[in-house]
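Asker: Annotation comment: TrEMBL describes 147-175 as compositional bias 'Basic and acidic residues'. If you look up TrEMBL, you'll see 198-207 marked as compositional bias 'Basic residues'. Annotated compositional bias 'Low complexity' per TrEMBL: 213-224, in sequence order. Annotation source TrEMBL lists region 'Disordered' at 147-186, 198-224.
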Amino acid sequence: MAASVLCRRTVSVSFRASSCKHAFSPGGFLLQTACYNPKPLRLNLKDPYIPEKDSENTPEWQKSAKYDRKLFGRYGSASGIDPASLWPSHAELDKIIAEENEWHPPLEVMLKNIEAREKEEAEKRREKEKIIAANMAKMPKMVADWRREKREAKQKQKEEKARREKLLAEARERFGSTMDPRSPKFLEMVAEIEKEEKKKKKLLKRRQKEEQTAGAGPTPAAPS
């Protein structure tokens with residue numbers, strides 16, 4: 001009896017000791033867990049590292065005012081740094097104030113900026129509406145012009161087709177057979193016919209001008 005109780009206690013103690021290293025998953029698999037808790041690094045106040053500003057081996061970033069602020073914040077007076085030297089100069093302070101005013105302006109300035117931006121957006125919207133209204137007023141005329149141009153193009157295409165058919169008919173009459181409109185002979189013939197038509201139109205205009213001049217008669221002389 002005593003031996004069995006001692007055996008159970010030994011098993012429970014050994015299981016508790018191993019539970020910090022292993023854990024059982026819901027599926028029954030054994031998982032290993034970490035139980036190591038590292039000790040925090042202690043601040044060495046007895047022998048702190050203070051870089052020598054005059055040494056050539058010291059990096060430049062350890063000679064800056066930013067690093068001095070870091071040393072003073074870590075070691076305090078043990079760093080040997082004068083706290084008065086850590087404050088910004090007048091030029092740096094003006095720069096900081098200017099940056100704060102630029103990125104974090106006062107409420108009044110923010111409200112004025114919002115009002116100016118809304119006013120500018122409203123002006124742009126009004127100008128855009130004016131342009132749209134002007135274009136809408138021109139729309140009927142633009143549609144009429146488009147339809148007229150379309151009719152003229154269609155009429156021109158129709159006239160060109162009729163002229164082509166006329167040239168083909170004349171070619172058949174002259175050569176007695178159907179010709180290819182792309183052949184050099186046909187193109188030469190078309191050029192000759194067009195030249196003849198231009199001459200006829202020119203003579204017709206000249207005759208009309210002569211008839212108008214003859215119909216008007218001599219200009220009466222002004223009375224003296």
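Keep in mind that glycine also has a Cβ here, set from the backbone N, Cα and C atoms.
From a predicted model like this one, the values you see are computed outputs, not experimental measurements.
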Asker: Within the compositional bias 'Basic and acidic residues' (147-175), count helix residues (DSSP H, G, I), strand residues (E, B) and coil residues, in that order.
Answerer: 29 helix, 0 strand, 0 coil
Asker: Take the compositional bias 'Basic residues' (198-207) and count its residues per DSSP category (helix H/G/I, strand E/B, coil), listing them in that order.
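Answerer: For that range the per-state counts are 10 helix, 0 strand, 0 coil.
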